[in-house]
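J.: Sharing the record's features from Swiss-Prot:
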DOMAIN    31-135  domain 'Calponin-homology (CH) 1'
DOMAIN    144-250  domain 'Calponin-homology (CH) 2'
DOMAIN    746-781  domain 'EF-hand 1'
DOMAIN    787-822  domain 'EF-hand 2'
MOD_RES   1  N-acetylmethionine
MOD_RES   12  phosphotyrosine
MOD_RES   95  N6-acetyllysine
MOD_RES   195  N6-acetyllysine
MOD_RES   676  N6-acetyllysine
REGION    1-247  region 'Actin-binding'
REPEAT    274-384  repeat 'Spectrin 1'
REPEAT    509-620  repeat 'Spectrin 3'
REPEAT    630-733  repeat 'Spectrin 4'
């Protein structure tokens with residue numbers, strides 16, 4: 001432990017040897033402690049009207065030391081010695097040290113003699129002990145004390161500030177932002193924290209120290225330059241300075257707490273006063289509303305009409321629904337506020353609230369009772385009055401409804417009975433009108449009761465002195481007069497309808513006879529017109545001859561048809577006589593048919609006109625069919641020659657391609673002669689095309705004189721040209737293969753014989769099984785075992801690379817020539833490259849350009865891969881992989 005430490009402060013004191021070493025190693029700390037401790041002492045001594053200048057000199061006599069302890073403790077010490085001798089000074093210092101010890105601080109190695117002798121280290125240690133005991137030890141924050149408590153307080157206060165991170169009492173304060181943050185947290189008006197910069201510690205420190213000295217009564221205990229110029233400021237100096245801030249702000253906190261307590265008491269009192277004012281106003285408003293409402297509810301003046309009484313009832317319902325509920329809520333809230341106010345006053349030891357006279361809760365309840373009593377009587381009166389008017393209005397409404405129904409029923413009835421629609425009606429319409437009139441008479445009888453009821457209700461309303469009786473009487477009289485008139489018109493109309501019915505029944509029988517005979521005759525004429533105008537489509541002479549015969553048969557029926565026409569017109573003329581004789585107004589037409597005599601005559605004339613037109617059309621079509629028949633015969637004669645000729649040539653070419661007569665050159669010469677003869681036949685094809693064009697223009701679609709169509713001829717001709725060209729090409733390729741591979745004519749004939757032998761369908765190709773049998777016949781050992789199947793699959797991939805499933809004769813020749821001839825191999829090419837390379841495993845570009853033509857040398861250089869062997873040189877190329885790639889044994 002430090003020689004001036006105590007047991008109570010062992011958690012924040014350094015060991016003595018560390019204290020000594022610190023003072024010796026860092027004189028800057030001693031300077032900081034001198035200045036800080038001196039300023040701290042003077043901040044208390046000035047209260048006694050004195051101060052110190054030199055801390056180790058001014059405390060030597062013990063007088064100012066005792067005075068300092070009295071100021072900071074508030075207690076009186078023993079009377080000091082006033083002598084100037086050393087013994088007097090030691091006595092005074094001991095009195096001070098004894099007082100410190102009496103406060104529970106156990107001093108170690110601090111003696112009065114060292115203080116009297118001006119020992120700086122001991123003097124600073126003693127002052128630090130005093131600071132710890134009287135300025136820091138009592139600091140407590142959340143169960144932490146002394147140093148930790150002070151540090152926690154600093155961290156709490158500076159937490160919201162950027163660039164401030166208080167972790168200790170030395171380097172955390174070097175930039176000055178910590179001091180500024182403490183001041184701004186408690187007195188934000190003193191410092192504009194937003195303008196401070198972390199990289200300007202001198203300004204920050206001087207700002208904090210100057211503001212603290214000027215406004216917070218905290219003396220300047222350190223120089224900003226000393227803190228900034230020290231790698232680690234003295235912890236005790238910083239703690240002393242910070243503790244001054246703590247005590248300065250803790251006093252302000254106490255004042256704030258006292259002010260808050262006063263504000264709280266005043267707020268409670270103001271709230272109670274506001275509640276009293278609210279109660280008085282609410283009570284006054286509610287009583288005023290009750291006084292205004294009661295006279296309205298006591299008004300019992302009745303209204304003459306139901307509408308007016310219903311409006312009063314609606315107003316009363318609005319009062320119940322809209323106006324009263326808020327007042328009920330106000331009354332309830334008034335009682336709640338009164339009880340709440342009395343409770344708050346009682347809890348806060350205030351006297352009970354006494355409302356103004358007439359505004360007590362009981363006064364309001366009495367007024368409310370009067371309101372509800374008036375309300376109940378008003379509602380009963382309204383309902384009784386409404387029921388009374390309702391009975392009278394019901395009777396009047398019943399009259400109006402019955403009168404309206406009767407008037408609606410009679411509306412248009414007089415006009416209907418006066419109309420003379422029967423004069424232009426048909427018999428069926430007359431019968432319908434009679435049925436309708438009978439129904440009306442039944443309806444008229446049924447309405448007799450309603451008319452009597454209307455008169456009875458009107459009489460009752462007169463007896464009850466209904467206010468609108470004059471209008472009721474006038475309406476009733478009008479209904480009775482109209483009713484008598486309807487009866488007279490009804491009888492008159494019945495007589496007219498029955499007279500007209502008898503006259504029209506005779507005419508109806510004639511109309512029916514006319515309709516029965518006119519309809520089939522009209523259908524016959526329409527069918528005849530359709531047949532005569534029908535657009536016929538024929539393709540043979542036989543068809544046109546059949547149409548001509550049918551037309552002649554139709555013309556033979558025309559005289560009988562004309563007789564039927566005249567008979568039908570006679571019936572219509574008889575009807576016309578009856579109409580003229582009895583002056584019947586025939587506004588309508590024949591109800592049984594829409595066919596008029598004019599229509600019959602018009603259609604008959606049309607039929608007579610269409611007959612010669614049909615004769616001419618049939619004659620022209622007969623001539624056209626004769627011409628078409630000549631075209632058919634001409635085309636058929638040529639097609640029956642050309643078709644077989646093409647088929648014969650196809651067979652001959654196929655036979656030449658598989659026969660083995662003569663050499664390949666002889667076969668090629670023979671085929672070229674065939675090709676020439678085929679080309680010379682082209683004019684006959686063109687002539688046939690011309691005949692086919694004429695047939696198409698004549699719209700001829702079939703030809704019984706030949707089985708060949710132009711499409712068949714075209715396809716056959718194109719196949720013939722393609723076949724001769726392909727066959728010539730195959731023979732030319734066989735000649736090239738023979739010459740390139742050195743195959744003799746005998747070998748070629750043998751290959752052809754083998755191929756033809758197994759080409760049993762003469763298709764010119766071999767299937768896989770046919771090809772396999774052919775290879776076996778030529779001596780290839782291809783069995784059905786896995787090895788044989790693999791070998792055959794390899795051969796098929798050579799002869800059928802596109803996997804078409806067939807082997808042509810050319811592919812067969814190529815395969816057989818490779819199998820029998822001496823061909824180049826990859827090994828031979830590699831051996832040649834090795835010679836050019838001077839027996840090396842690689843070759844260079846210069847060697848290739850020297851030995852090969854330029855284009856072939858560049859081709860090899862572009863495609864050869866770089867050589868990667870151990871004997872490689874720059875620019876070496878791999879001719880071995882290139883050689884195998886040429887024969888498909890690897891990739892280029």
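Keep in mind that glycine also has a Cβ here, set from the backbone N, Cα and C atoms.
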J.: Based on DSSP, tally up the residues of the repeat 'Spectrin 4' (630-733) by helix, strand and coil.
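T.: Helix, strand, coil within the repeat 'Spectrin 4' (630-733): 86 helix, 0 strand, 18 coil.
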J.: Give me the CA-CA distance between residue 676 (N6-acetyllysine) and residue 195 (N6-acetyllysine), in Å, as a whole number.
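T.: The separation of the Cα atoms works out to 111 Å.
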J.: If you average pLDDT over the repeat 'Spectrin 1' (274-384), what do you get?
T.: 83
J.: Using a Cβ cut-off under 8 Å, which residues of the same chain at least 6 positions beyond either end of the domain 'EF-hand 2' (787-822) come close to it?
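T.: For the domain 'EF-hand 2' (787-822), the sequence-distant neighbours (Cβ-Cβ under 8 Å, at least 6 residues beyond its ends) are 730, 733-734, 737-738, 740-743, 747-748, 751-752, 755, 764-768, 771-772, 774-775, 778, 781.
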J.: Work out how many Å separate residue 95 (N6-acetyllysine) and residue 195 (N6-acetyllysine) at their Cα atoms, rounded off.
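T.: Cα-Cα, rounded: 51 Å.
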J.: Where does residue 95 (N6-acetyllysine) sit by DSSP, helix, strand or coil?
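T.: In three-state terms, residue 95 (N6-acetyllysine) counts as helix.
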J.: Relative to the Cβ position of residue 195 (N6-acetyllysine), how many further Cβ atoms are located within 10 Å?
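T.: The Cβ of residue 195 (N6-acetyllysine) has 8 Cβ neighbours within 10 Å.
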J.: Checking distant contacts: for the domain 'EF-hand 1' (746-781), what same-chain residues at least six beyond its ends satisfy Cβ-Cβ under 8 A?
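T.: Sequence-remote neighbours of the domain 'EF-hand 1' (746-781) are 654, 657-658, 660, 664, 734, 738, 788, 792, 795-796, 799, 805-809, 812-813, 816, 820.
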J.: Mind telling me which of the modified residues 95, 676 has the densest Cβ neighbourhood, counting other Cβ atoms within 10 Å?
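T.: That would be 95, with the most Cβ atoms nearby.
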J.: Within the domain 'EF-hand 1' (746-781), count helix residues (DSSP H, G, I), strand residues (E, B) and coil residues, in that order.
T.: 23 helix, 2 strand, 11 coil
J.: Does DSSP put residue 195 (N6-acetyllysine) in a helix, in a strand, or in coil?
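T.: Its secondary structure by DSSP: helix.
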J.: Helix, strand, coil: count each for the residues of the repeat 'Spectrin 3' (509-620), based on DSSP.
T.: 89 helix, 0 strand, 23 coil
